[in-house]
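A short worksheet on the structure shown next.
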Amino acid sequence: MADPPGCCSACATCLLCPYSCQWITAKKEKRKGLRTTKYDCSWFLFLFCVFLFTLVWLYFAIIILNDFHNFNEFIFRQRKLWLDWSLVLLIATAVLISYSSMLLVLALCLQLCGQPLKLHWVHKILLILTVLVVAAAFTGLGIKWAEEWKSARISLQATGPFLHIGAVGGMTLLAWPLASFIYRTRSTGLRVFVLLVFCAILIALYLAPLGITSPCIMEENQLPPKPALVGHRGAPMLAPENTLMSLHKAVECDVQVFETDVMVSADGVPFLMHDEELTRTTNVQAVFPERAALNSTAFNWTDLQQLDAGSWFLERRPFPTVQSLSPGDRKEAAEQRIPSLEQILEAAKQSNISIMFDLRPENHSDYQSFVNVTLGVILESGIPQEQVLWLPDGFREDVKQQAPGVQHIYGRKRLENEEPGLHINLPYQDMSSEEIRQYRQDNISVNLYVVNQPWLFSVLWCSGVSSVTTNACQVLKEMKRPIWLLPSSTYFMIWVVVDCVSILIIIWAFVLMKKCSRRGRLAESETDVLLTKINSLMQE
């Protein structure tokens, strides 16, 4: 097996060392007569599959970052430990994908240099462990966070065209070592099998755009208006959630609706709080250590006013943006207290911003009194009723009678033959692009939550959603158009050009490697003739 031109012994040795964990020169390998066996080929195939497996997991890891703050909150409620687990996820994923990528590149280079693919047993064990870790991650995702599979499906509408180009590019690059393998192997059956598999995958990739759909493949003049922004608990990346500061930051981000959660204290004062316990967003463990585990509704308003609702934001840094806060914002954040609903309504009235809220906990025995007390505060505040968006389903008919101007938001899809003008609030995973378009045509307002990443906002924008609830209002505010928008004719042209260029490069690779293979065989033949003559002369 002759080395192709340009592959020196030193290069081959440097490639063999990390892959086979042995300092053996190419000449020594040849003298030992080592070749790539079927067993070695099976391990190379396993390596390639591990690389693809980790690559898919990397894609999922990037996609689920949109919802990872929910995971951080879930872990805190379970373990009382706050950590940005997204960093752990990304670091672990980067290590796995880097390791498998390095081995794959080494293997492909060794193949081009005509060296044996003798994968060391340590690498084999590590590759098996990589598969087990990634499989465990996918299993956990499916059990505990099944809705993220829907997120992945939506993400393909944003990334599908680019994944197609990347896959075609990857297969095109793979043609070089594949051509080297085809011209070097002596097994005709194996050669035909590998070629058939390669061609089948290529044809599938070349035709993949026939099955790729995206709402962002449209003409510029067909783009719907930009969705309105709803601040999820205000602007939680810029201020402590559910505080007056958070509302003011949301107003600065041009948010049209302040979304929050309301609870009622033991003495009947509605206040803002998302969690059933106060431990995550206040210093209740320091002020009332013996009562820290109690439900938020077990505290009276006087007790709640003693709690610090801002310092946790600076200490735990729930979002990376906390590090970039100005000294003035840090001082203001540290001074935040739990606001009452009355205070929030007054601030919303002055800022001309709507307020949408849920009333918790829904299973409380005094829930009807919670509704009545909350409704009383709204009516007494003097805020225009159309600025109040009511989410709770319990006793909704009573609310309609006492405050007919309040807008009602439903956490469900429309019923059959339901009247137009409905307002719907759902997770973004629960509505397809087709449903969003249909609801828009039927004059049904759709708000989807929680949308933080620009790619997701772009897909929903192109689909025609009315508004989105977000933690990242400061990011989405700056978007003047979707990340990408392609007319169908332009996308068709890109598709054809990419496929044609790929075909030409692959043909070139096979022709070039065939020439290199012929030169190698010719040089080897001339060497054999010369050695035969020398041997004959020595015998004479």
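Sequential numbering from 1, following the chain as shown.
Using the three backbone atoms N, Cα and C, a Cβ is placed for every residue, glycine included.
The domain 'GP-PDE' annotation in TrEMBL covers 227-480. According to TrEMBL, the feature transmembrane segment maps to 41-65, 85-113, 125-143, 163-183, 190-212, 491-512.
Against the transmembrane segment (491-512), stretch 163-183 has more CB pairs under 8 A than any other of 41-65, 85-113, 125-143, 163-183, 190-212. Comparing 41-65, 125-143, 163-183, 190-212 for CB pairs under 8 angstroms to the transmembrane segment (85-113), the maximum falls on 41-65. Mean pLDDT across the domain 'GP-PDE' (227-480) comes to 95 in this model.
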